[in-house]
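What follows is a set of notes on a single structure, which appears directly below.
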Amino acid sequence: MVSTTKIKSVDFYRKIPRDLTEASLSGAGLSILAALFMIFLFGMELNDYLRVSTSTSVVVDKSSDGDFLRIDFNISFPALSCEFASVDVSDVLGTNRLNITKTIRKYSIDSKLNPTGSEFRSGPIAQAFKHDEEVDEEHGEGSVSLNARNFDRISHQHAILVVNFYALWCPWSNRLKPSWEKAAKIIRERYDPEIDGRILMGKVDCTEEVDLCRRHHIQGYPSIRIFRKGSDLKEDHGHHEHESYYGDRDTDSLVKTMEDLVAPISLHSQSASDGLPTHTKDDPKRPAPLAGGCRIEGFVRVKKVPGNLVISARSASHSFDASQMNMSHVISHFSFGKKITPRVMSDMKRLLPHLGGSHDRLNGLSYISNPSDSNANVTIEHYLQVVKTEVMTRSYKLVEEYEYTAHSSLVHSLDIPVAKFHFELSPMQVLITENSKSFSHFITNVCAIIGGVFTVAGIVDAILHNTIRLMKKVELGKNI
């Protein structure tokens, strides 16, 4: 067996008997300072070990989400009716998708952006309606001219009032006029307003009755509205709820529609609520907008090439007064790519505090334009430069987001004003990688801190002790 003496010979830490050592006040003070300094440096090292560090690089975009990009948005237009609001997408490759509805929802809102009802579902405004092929120049005047003074009175006298809101300059209004007047004359003969009174066809010239047309939220010409007397009367403002007609505009279709409206109403009841039929899916009648604004929300998928997202008033059989179109809007949300949950975004901010600050750069911004003689036909354009960012954590969990810069401007246009979002994706992407830290490196640094501080404190203590001894010897020599 190896003797105990031989084992003790390899002791690197030989002990000095306590009786041979002497404690000093300076040494005690220096030991306390050294201990505090050790604790301080240990805390800094521990904080550095726990803190997440990242490295950022720019690489060619090798997206894992395919060739298409999702755009989510929620935009409120205080002066654009849901009846004609259209979401269109185009790009440099020739893609041109008009009036996207499958992934889009519309809600009527008032001027203060408050919703006025449930989701708005308009009719097929994008399709062209049928008109009479032969125009009868001697059609006569079968419909009743309405204005702000007699509109309410006449609407309360008849169970059904069907009104053509038109504009003299509108080609579609002029094309509808012969068949409208002819149909009105036929209905007038079949249902005499003085004897029967169940239905009446009227017309409003919106170039003269501007306030009346604005009150009924008329933005496209011609707009055919169906007013029902009875259960739809709102007592708080005395105004009838009404429907929009999106059917064909030839004489036969108009007459058939009027006949269908009158059919469920008995001659003696004079109430449109009695036996009111339920509208089918293909029924061309739809609720008219309750307010003049519209909130549009949803998403679209676009190719990853420069393109445009355009929101405008669109119809294949209506005309719009470009000088009166107001495309002011408030952006509640606008982002690219998959939605990131708040929890994931919070975790990502742990990696990089400013990450995610530009993925919704337009959120909460307002762009207001007031049409006037000097400020009409204003298109609001947004130019967006999009860059993809990928984050790789230590657990190899990949998070993708798209950040963008935005520059907006108001542009005068000769065409109908629109709200246009130009987007262009960068061919490069930002890759953020979380750097892992070795625990062995942390332990090594801790040992270096303890050993270094202990050694330096010992050197300082030796210098201080020898200096004091030397001073005492010098003082003792002077006294002798």
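Glycine too: its Cβ is placed from the backbone N, Cα and C atoms.
Per TrEMBL, the features are as follows:
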TRANSMEM  20-44  transmembrane segment
DOMAIN    120-263  domain 'Thioredoxin'
REGION    269-290  region 'Disordered'
TRANSMEM  442-464  transmembrane segment
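Listed as Cβ neighbours of the transmembrane segment (442-464) (distance under 8 Å, sequence separation of 6 or more from its ends, same chain) are residues 26-27, 30-31, 33-34, 37-38, 41-42, 45-46, 49. Here the domain 'Thioredoxin' (120-263) has a mean pLDDT of 82 out of 100. According to DSSP, the domain 'Thioredoxin' (120-263) comprises 43 helix, 32 strand, 69 coil.
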